[in-house]
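According to TrEMBL, the protein carries these features:
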type: COMPBIAS; residues: 9-18; note: compositional bias 'Polar residues'
type: DOMAIN; residues: 517-601; note: domain 'STAS'
type: REGION; residues: 1-21; note: region 'Disordered'
type: TRANSMEM; residues: 137-154; note: transmembrane segment
type: TRANSMEM; residues: 166-187; note: transmembrane segment
type: TRANSMEM; residues: 199-217; note: transmembrane segment
type: TRANSMEM; residues: 246-263; note: transmembrane segment
type: TRANSMEM; residues: 275-296; note: transmembrane segment
type: TRANSMEM; residues: 333-355; note: transmembrane segment
type: TRANSMEM; residues: 367-391; note: transmembrane segment
type: TRANSMEM; residues: 397-418; note: transmembrane segment
type: TRANSMEM; residues: 430-454; note: transmembrane segment
type: TRANSMEM; residues: 466-489; note: transmembrane segment
Amino acid sequence: MAHQDKRTLSSSDSQRQNAPYIHKVGIPPKQDLLKEFKTTMKETFFSDDPLRPFKDQPKSRQVMLGLQAIFPILEWGRNYNLKKFRGDLIAGLTIASLCIPQDIGYSKLANLPPQIGLYSSFVPPLIYAFMGSSRDIAIGPVAVVSLLLGTLLQNEFDPVNNAAEYRRLAFTATFFAGITQATLGVLRLGFLIDFLSHAAVVGFMGGAAVTIGLQQLKGFLGIKHFTKNADIVSVMKSVFGSMHHGWNWETIVIGASFLALLLSAKYLAKRNKKLFWVSAVAPLISVILSTFFVYITHAEKEGVAIVKHIEQGINPPSVNEIYFSGENLLKGFRIGIVAGMIALTEAVAIGRTFASMKDYQVDGNKEMIALGTMNVVGSMTSCYVATGSFSRSAVNYMAGCQTAVSNIVMSCVVFLTLKFLTPLFEYTPNAILSSIIISAVIGLIDYEAAILIWKIDKFDFVACMGAFLGVVFASVEIGLLIAVSISFAKILLQVTRPRTAILGRIPMTSVYRNIQQYPEATKVPGVLIVRVDSAIYFSNSNYIKERILRWLTVEEEHLRATYQPRVQFLVIEMSPVTDIDTSGIHAFEELNSSLVKRDVQ
């Protein structure tokens, strides 16, 4: 009897050893609703934990940290030295030589007087140098924002017949662009600009570059009567319609000669990185040479259009010119939001690009507050929307800038230009400004990125081309609307139609993978394994349920046609599922009911 008990005991032990070990899932600790809500809000708006440095610090240190958070110059300024200043001085002088001719040209894109373009490279860079967190970004007017602002403002007021109202609306739009940017930073809503996908931005920038280039044909060919529409069809009609009586050959010779010089300088700098300064100083040299040529030959008498008078002196105050009431307030608010968001997207992208190259962090929310503050102050000092310029930032980086002091150096050079040198630009031909803008915007057409997008994601390519064609064939606003719409459509599509996959076992392993990606993977007879590649919410739960049933139906039809055993077990692999809500649970309950009726476990 004892022997039998012993044998029974040993057999039960061996059964226990052979039985599969079941891992118990721990139940997460209960959280009260308020604590859970606070955690979610913190992760959404304060994921970088900005108050962490303030913990366990004395009051005086907390005040200093607070000031450093608002003015980063107080932090890095303590370690500033002569060696860093030498790098910033060279970089600042180099970008100043590039920005002066560009500013005059970009102000024409915005249909504003040339001095306003120069004003916008004097005050905003000074503000940014104290408040910005990027060491490499160069601040000033940019082509895309200038074109966007000019197009939107032109829809409200004629820049020639209603010049005063047009200028006032430009300052109002700049004010609200700054308010928008600063508000996004203060409320920590920087993630909103990420809704505009990289593909849409590539397409929009490329389309804007083509549109800007086409707009420059007026100055490049010396056409006096040019269309106000920005689409390619209207521009081409205007160009070829005035071919026999509107083109000026002297203007074309000047424009083509210097465009060839600028593109050659750009090519040389691209081939040899050490010669970056050739591309940077080429625009200013072109302006000096062309201005001197027109002055000594009096080419303006032969129909060559020139800049004429640029007001001398620094920025006059413009607070009293901003619309703070009436219907023009709403117009300025609407235009300002659009221009502010595009300017913000460009600046943050540029800041992040150069920060990654130098291995430091750029605080997106601080950048927004800095950009917003500089545009609000700029609107009160006769400036229009300024942001980070990619061409200038690239030159700034190549010239060896160390800190934002390069922006201060650039501002000082622009200040001296406004104070003493503006009369020298009187005979500058418009054709050279057109050539400078054309050579600058060519770099915005990133065809290599478009090819890569095509190879990786066809839907992204549709977004890219939709934005591009919208800008080129319709208008900047339509292109922007298409870019935003397709970006949102992609998000909705991915949320509401997540991917599912059939898994098979890779031979000689216990690993299961997608049979479409791993053709050697084989299905387990009588078992269907489906993987869900997304969180399961109310928006996609019904689709996931129906998609799993469809996989099952297709598999059963295939097995019947090939006389194989039917599916007895359905395994749903949910490792990628990070979250599931009540709708998802309800959908799985319905799925289980359907499987019971089909006699599938």
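In case you wondered, yes, glycine gets a Cβ from its N, Cα and C as well.
Curation plays no part in TrEMBL annotations; they are all automatic predictions.
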Any contact, the transmembrane segment (466-489) to the transmembrane segment (199-217), with at least 3 Cβ pairs under 8 A: yes
DSSP-derived helix, strand and coil totals, residue by residue, for the domain 'STAS' (517-601): 37 helix, 14 strand, 34 coil
Candidate ranges 333-355, 397-418, 430-454 - greatest C-beta contact count to the transmembrane segment (246-263) (under 8 angstroms): 430-454
Closest-packing stretch to the transmembrane segment (199-217), where packing means Cβ pairs under 8 Å, from 275-296, 333-355, 367-391, 430-454: 430-454
The transmembrane segment (397-418) versus listed stretches 137-154, 367-391, 430-454: most Cβ pairs under 8 Å: 137-154
Same-chain residues at least 6 beyond the ends of the transmembrane segment (137-154) whose Cβ lies under 8 Å from its Cβ atoms: 95, 99, 102-103, 106-107, 109-112, 117, 120-121, 124-125, 128, 166, 169-170, 173, 205, 208-209, 211-212, 215, 228, 230, 335, 338-339, 342-343, 346-347, 350-351, 354, 374, 384-390, 392-393, 395-396, 404, 406-407, 410, 437, 440-441, 444, 475-477, 480
Long-range environment of the transmembrane segment (166-187) - Cβ separation under 8 angstroms, sequence gap at least 6: 45, 110-113, 116, 149, 152-154, 156-159, 193, 318, 321-323, 328-329, 331-333, 335-337, 339-341, 343-344, 365-380, 382-385
Chain residues in Cβ proximity to the transmembrane segment (367-391) (below 8 Å; excluding those fewer than six residues from its ends, i.e. six or more beyond): 70, 98-99, 102, 107, 110, 112, 116-117, 119-125, 127-128, 131-134, 137-142, 145-146, 149, 170-175, 177-186, 190, 315-319, 322, 339-340, 343-344, 346-348, 350-351, 440, 443-444
